[in-house]
Amino acid sequence: MAPAVEEEQALEARQTPFENIPNGSPMALLGVSKQSTKYQLLGSGNGQNHQARHIASSKSFNTYAVACALLASMNSILLGYDVGVISGAVLFIKEDLKIDEVQEEVLVSALSIVSLAGGAVAGRLADAVGRRWTMAVSACVFLVGALVMGLAPSFFILMIGRLLAGIGVGLALMVAPVYTAEVAPASSRGSLVSLPEIFINIGILLGYVSNYTFSGLPVNIAWRLMLGLGIFPALSLAVGVMFMPESPRWLVMQNRIDEARVVIMRTSSSSEEAEQRLLDIMEAAGLLNSNGEVTDLPINKRADNSGHNVWRELLWPSPAVRRMLAVASGIQFFQQATGIDATVYYSPEAFKMAGIASKSGVIAGTVAMGFTKCMFIFVAIFYLDKVGRRPLLLISTTGITLSLALLAVFFAFIENHEPLKEEGHSVGPLAVLVIIAVCFYVAFFSIGMGPICWVLTTEIFPLRLRAQAMSMGIVMNRLSSSIVSLTFLSISRAITFMGTYILFTGISLCSVIFVFLCVPETKGKSLEEVAKVFYKDEAYSSELGKSAFTNGDQEGEDKHLNVAHDMEAWAYHEEEAMMDGKGLHSSTFSMDKKNLAAKVKAIASQAGSFDLQRIPTHPI
């Protein structure tokens, strides 16, 4: 048979409809193709990394996936409302409860500090009970916290309410982006995963509007109403969770394939897209054995997804996972270390420093900032999946750096012209310039660093690590926010507002360099494909191969890219040979069974004995 005819028959085999492919067939896993989905065999020609790769998929928008993402993203309103409302409420709390500056810093930063605890346990909880019920828990805990704050008779009770709200926020921050990323198709994932940042901004704006609305009431009533109204977004979320499906990827990890298939069908634009997504998830979950056959995930493996093996892999990572952690931790750190939460929390102090004297004027300035922050997030929504993550991040971090530098210059002028301030000759223009610079800052933040931070952190980790790795990212985010928020006023008193914003400018400049050097582009890739980006470096191939055979733990199973891909190629190749009744075709593949055995033997001689059946079909 001519090679051209052989390849044509192989292509026809790979285009067999999903429902007609027998269970347990390697072709079902490695050669599936559909009318609207094209595949090609990729390889270097030397027998390495041959695999059937998904090249194109449906790009249409799925309204059910959008609805699920919107409901999940409502979690983020909890954080946004608190960030916005506390900045104005603290003006009234200081007057009513007579707290000092240190107590003010503790009060404002308490939610960020305690959200560390919520974020730390969120991954384990999300893997144990599911993403959906974790969202319900976060809403209920925040609701109780908001109720306690609204009824607090003293600073001590107010702090208890802040602590409860912080736990709820920590849970919400982790689970909303993870759930959205796992429900959304690849073609719209960037836009949908950025929805939590939209709802954070909507929450901030609602907090500012609440402050402005109640600012005319008596002091002892105003701040309690401002904080107590947080029960309404929490209550709405708790009700909304009842109408949401569970994450299909979590269902697959629990071996609930039929339920996962139903969710994927509803969140995909076509049955072909749904079939491919399910196959990708099953591969990532380890439900395919070395022959490409569908197998049950053992009970102990399901437990390990939320147990010691995952944490061991995160705390003692392979080179690929180490790079994932570096990108995720770095982007989460820089999001907060450039001072966004401190600027939002303490914007009234900054505006007063610029010369705005009245409470209503200060709160009006915060409303302008909140409106700008909310509006510019839509730039990210529209362009994330068109322009890509890296370009928007580079524009965002560069713009943030310039805006912070402008703020430093304006505060330098204010602090060095006290007589002019007292005479009233320069207060108006400088106050306007400070507000404009702050608006530029939050605008650039919203088009990139704000939403893309969450998008990247949910995208880059493989399925088994995603929830708990996201928890680690949340811990870094909240830790950075806590330190900045807790020390902002003290630092600004010690080195002035000018010095503080010079410090932020330097950190922001580092973020530009970090994004340029370290952050990969993930636009248009499935979650499973994104994780492969970190494994593709040939420099790791030797170490990956050795670890696959020397370690009996999960980490060892995840470091075998080259051999696993060759095994995939051989499994599919054998299926192709079976279909046309001939032997293995070296003209189609450069790796046959004999060469594969030789390669395995060579690696085994370096790494020691191993069990071939232990090697999963795919590294992620």
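Including glycine, each Cβ sits where the backbone N, Cα and C put it.
No curator has checked TrEMBL annotations; they are predicted automatically.
Taking TrEMBL as the reference, the stretch among 328-348, 475-495, 559-579 described by the feature transmembrane segment is residues 475-495. 475-495 is the stretch from 191-209, 362-384, 391-414, 475-495 with the greatest number of Cβ pairs below 8 Å to the transmembrane segment (105-126). Long-range neighbours of the transmembrane segment (221-244) within the same chain, counting only residues 6 or more positions beyond its ends whose Cβ lies under 8 Å from a Cβ of the stretch, are 68, 71-72, 74-75, 77-78, 81-82, 85-86, 88-90, 92-93, 96, 132-133, 135-136, 138-140, 142-143, 145-147, 149-152, 161, 165, 168, 203, 206-207, 210-211, 214-215. Through the fold, the transmembrane segment (501-519) approaches residues 326-327, 330-331, 334, 337-339, 389-390, 393-394, 397-398, 400-401, 404-405, 407-408, 411, 449, 456, 491, 495 of its own chain, all at least 6 residues removed from its boundaries and within a Cβ separation under 8 Å.
The stretch with the most CB contacts under 8 Å to the transmembrane segment (132-152), chosen from 159-179, 362-384, 391-414, is 159-179.
Beyond the transmembrane segment (426-454), the same-chain residues lying 6 or more positions past its ends with a Cβ under 8 Å from any Cβ of the stretch are 177, 193-194, 196-198, 200-201, 331-332, 334-335, 338, 340, 343-344, 347, 350-351, 354-356, 365, 368-369, 372-377, 379-381, 383-384, 389, 392-400, 402-404, 406-407, 410-411, 413-414, 417, 420, 477, 511.
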